[in-house]
Amino acid sequence: MAKRIIYNENARRALEKGMDILAESVAVTLGPKGRNVVLEKKFGAPQIVNDGVTIAKEIELEDHIENTGVALIRQAASKTNDAAGDGTTTATVLAHAMVKEGLRNVAAGANPIALKRGIDKATQFLVEKIAEHARPVEDSKAIAQVAAISAGNDEEVGRMIADAMDKVGKEGVISLEEAKSMTTELEVTEGMRFDKGYISPYFATDTERMEAVLDEPFVLVTDKKITLVQDLVPILEQVARAGKPLVIIAEDIEKEALATLVVNRLRGVLNVAAVKAPGFGDRSKAMLEDIAVLTAGQVIAEDAGLKLENAKLDMLGKARRITITKDHTTIVAEGNEKAVKARCEQIRRQIEETDSSYDKEKLQERLAKLAGGVAVIKVGAATETEMKDRKLRLEDAINATKAAVEEGIVPGGGTTLVHLAPELSNWAAEHLTGEELIGANIVERALSAPLRRIAENAGQNGAIIVERVKEKPFDVGYDAAKDEYVNMFDAGIVDPAKVTRSALQNAASIAGMVLTTECIIVDKPEPKENNPAGSGAGMGGDFDY
């Protein structure tokens, strides 16, 4: 494949063009008056979204170089999403503003390496300042505010997530399900989550989100390594006859047995997923027993005289729903309260009896997993399209809330970044010189971009609003929904400090990379051959082969 090689200014300009396209399509969703974006889907109804990272993932451009620019800025959004679960639009807008400002300086002859050093030092200073200004989240009112803002100013969702956190604790598991009705409701049921994901990505049922969701599955729990597929065949046949999915939780599954499961899954013979058992050694056995109690099944263990090839359906556990990602497995069980309570009592007694603080800690963890249960939010909506949008918003809200509990909250709506700009300016003037100072000033000018965009989406003049906010105290910002200046904490317009910090760090990282780019190598597009006349006669020419 021949390559195109582009140097210097041309390379950076082409990247910038791709970034402009992506940043604009994501920025329209920012703030309470942000608009929606409609995504065309190959199959099914179009999807209406208000979520930065989902939009960013959809954008592919024809020009390979511009597409590289899109991919770079998309990384800022998805890294922020991985770290904090929200703030993707802010990260995109910040990265774009920093790149724009930085390219101007590079074109004027500034040294990109010195600029990058300045950008990194400024970011480090801002991260410390954000931590200083963050307030811890104590009560459920603050949790509700964070969740409501993140779900697109939906107070009902905010209250629901605050309730869920009250019921399952701050470390508890909150899972989302699609409801059969139009209302969104909360339910707390028995369940647990452990830190092991699927053994093979081929088990994923939703390839876009890379997760396996199995409804009403059987659960096979065993402490042995499954090496031969023959051991599994009898139980697989029984499950296939019952017509339900199967989740296997085992110490490990060797290649041959795993390949058989994957092939059956892909051919649609049996909806199956396999997960490695959590923990190690004796602790692993104890956790497998917890899972068996939760799902009303048995651990098929050789030391209990049970063999895998002799297993019967009634030895398997049952769950309402199991969701498996690459790192976690969440089991939602039901109707087995008595056995779970008895098991919890047993663990409590062990905690009282043990002297080792390490064992105590591990037992506490097991108890929390079992006793905490799982809060299930059933997302309801009138149409499929609205349901998907609500589900994405709720997911953002849950992530934002967990981030807020971790690192505290700061004034939202782009306010924190705008108020930190003068502080950064003063610090940089004292501590930095030359081109490093210019690098810090690039960051300082970019800090007002999110607020400016929020104001513009609300139909106001962004530059004027930014200047007015700068004159006010730290906690006071612009409420775009009501078009007034308010104390952001009192008005409940708050962002998790972790989200603001991650957005800033990832934006600065991408900006530094783009500014220090001197050359781009991309594939040369192949010239399209014209079909000779008469080809495909009698066939529709529009088929994809």
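Note that Cβ sites are derived from N, Cα and C of the backbone, with glycine treated the same way.
For T88 (ATP binding site), the same-chain residues lying six or more positions away in sequence with a CB closer than 8 A to its CB are V26, D51, G52, V53, A56, A77, S78, T80, N81, A503. Per Swiss-Prot, the feature ATP binding site maps to T29, L30, G31, P32, D86, G87, T88, T89, T90, G413, D479, A480, A481, D495.
Look at Swiss-Prot and you will find 535-545 tagged as compositional bias 'Gly residues'.
What Swiss-Prot records for 525-545 is region 'Disordered'.
Counting other C-beta atoms within 10 Å of each candidate's C-beta, the binding-site residues T29, T90 are led by T90. Across T29, L30, G31, P32, D86, G87, T88, T89, T90, G413, D479, A480, A481, D495, which the record gives as binding ATP, the greatest C-alpha separation is 20 Å.
Taking the binding-site residues G31, D86, D479, A481 in turn and counting surrounding C-beta atoms within 10 angstroms, the largest count is reached at D86.
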